[in-house]
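Engineer: What follows is a single structure, and I will ask about it in a moment.
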Amino acid sequence: MSVRSTVLHVDMDAFYVGVELRRRPELVGRPVLVGGATRGVVLSASYQARESGVEGGMPMTRARRLCPQAVVLPPDFEAYAETSRGVFAIFEAITPGVEPMSIDEAFLDVSGSTRLLGSPARIGELIRAKVFDEQGITCSVGIGPSKFVAKLASSAAKPDGLHEVAPDRVVEFLHPLPVTAIWGVGEATAEKLHRLGLRTVADLAYLPKTTLQRGLGVHLGGLLADLAWGRDNRAVTARPAERSIGSEHTFGRDTDDAEVVRRELLRMADRTTSRMRAAGMLGRSVVITVRFADYSQLTRTGSLRTPTDGTKEVYARAIALWESLGLARARVRKVGVRVAGLVPAAEAYCQPELTEPEHGWRDAERAMDAAIARFGPRAVRRAALG
């Protein structure tokens with residue numbers, strides 16, 4: 001743990017909803033949900049919807065019962081990925097010490113940036129301003145001497161705020177919090193702690209470590225005892241680039257129509273390769289996932305002849321994998337297409353197909369990408385691939 005508060009946790013506020021409100025400003029202030037209209041789960045909920053008890057990951061049917069006045073929007077993963085890249089470009093211009101946690105949050109170590117950019121709080125405000133000015137969404141920033149404290153501080157800052165915890169105020173900040181605020185405390189662990197009469201972090205902190213370890217195990221008990229006093233020595237570690245890109249779709253109703261599945265595989269291949277082209281990446285293998293009505297799932301992987309970002313090649317491999325399953329009238333709930341083994345396009349050797357025209361599928365696909373970027377995801381739709 002740092003003797004200074006130089007660890008930032010930056011988290012976008014209701015990220016998917018924020019991106020949607022950027023292009024639908026008339027919905028600002030209203031309860032908004034992003035997810036499937038009937039089947040599936042809530043991917044993101046505005047703070048107005050959360051006031052009705054809606055949470056991310058909740059079945060959409062339940063969410064609509066809790067908040068019937070909510071506006072439900074379909075997800076646009078390409079827009080979210082593009083916005084995420086813009087946000088992370090802001091982070092990386094501030095410090096090389098960026099540890100992504102998801103598409104919309106990261107830890108930043110700004111210890112090497114304070115001389116040029118000012119205090120961690122000033123850097124946090126700079127990030128918030130840049131994210132809003134350049135990407136049109138809001139974020140919350142937590143600042144602390146460790147990752148654990150910084151993440152809790154960002155929760156305290158939400159929505160659209162900044163909260164800094166100085167090293168000498170860590171205990172004062174942590175101890176009033178419920179035990180469920182601590183990393184590693186899920187429902188089962190919380191129930192065990194409650195049975196021991198432990199409700200707050202302070203209760204946990206003053207329990208002898210050996211007692212905690214007897215109740216929870218040596219590792220978890222010791223970890224929670226340390227975290228209750230803010231002891232967290234994990235460094236911010238920059239992670240390697242994304243190794244796969246994919247898309248998936250849950251059908252409104254389970255289907256046993258193979259043609260419907262094929263069309264959806266085409267749409268998922270198109271969406272995935274569009275994201276790859278936007279990221280400047282090629283892939284070496286294709287993975288399809290099929291979930292059935294009984295929630296069982298199959299996954300198949302196949303190699304590509306050469307690294308590619310082409311929809312035609314990815315779709316052809318996905319269809320071959322689908323047909324290899326030999327499914328006859330199986331009821332399908334969800335399908336997904338993912339491309340793995342990503343390499344930067346600038347670094348990959350790609351042997352063109354001898355039969356492919358010089359200006360063929362890829363030129364058409366890039367033109368489609370440009371049209372979608374300009375006019376929206378419904379500007380161009382594929383009919384089929386020959």
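Cβ coordinates come from backbone N, Cα and C, glycine included.
Pulled these features from TrEMBL for this protein:
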{"type": "DOMAIN", "residues": "7-186", "note": "domain 'UmuC'"}
{"type": "BINDING", "residues": "Asp11, Asp104", "note": "Mg(2+) binding site"}
{"type": "SITE", "residues": "Tyr16", "note": "site 'Substrate discrimination'"}
{"type": "ACT_SITE", "residues": "Glu105", "note": "active site"}
Engineer: Expressed to the nearest Å, what is the distance separating Asp11 (Mg(2+) binding site) and the residue listed as 'active site' at their Cα atoms?
Structural biologist: 4
Engineer: Reduced to three states, what secondary structure does DSSP give the residue listed as 'active site'?
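Structural biologist: Looking at the DSSP assignment, the residue listed as 'active site' belongs to a strand.
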Engineer: Cβ atoms within 10 Å, counted per site: which of Asp11, Asp104 has the most, among these binding-site residues?
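Structural biologist: Comparing the binding-site residues Asp11, Asp104, the most crowded Cβ belongs to Asp104.
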Engineer: Would you identify the secondary structure of Tyr16 (site 'Substrate discrimination') according to DSSP, in three states?
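Structural biologist: Assignment for Tyr16 (site 'Substrate discrimination') reads helix.
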Engineer: For Asp11 (Mg(2+) binding site), name the DSSP secondary structure in the helix/strand/coil scheme.
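Structural biologist: Reduced to three states, the DSSP call for Asp11 (Mg(2+) binding site) is strand.
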Engineer: Between the residue listed as 'active site' and Tyr16 (site 'Substrate discrimination'), what is the CA-CA distance rounded to a whole number of Å?
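Structural biologist: On Cα coordinates alone, these residues lie 12 Å apart.
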Engineer: Can you count the other CB atoms that lie within 10 A of the CB of Glu105 (active site)?
Structural biologist: 19
Engineer: Taking the Cα atoms as reference points, how far is Asp104 (Mg(2+) binding site) from Tyr16 (site 'Substrate discrimination') in Å?
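Structural biologist: Between the alpha carbons of Asp104 (Mg(2+) binding site) and Tyr16 (site 'Substrate discrimination') there are 9 Å.
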Engineer: My understanding is the cutoff is Cβ-Cβ under 8 Å with a sequence separation of 6 or more in the same chain; which residues meet that for Tyr16 (site 'Substrate discrimination')?
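Structural biologist: The answer is Val34, Leu43, Ser44, Pro75, Tyr80.
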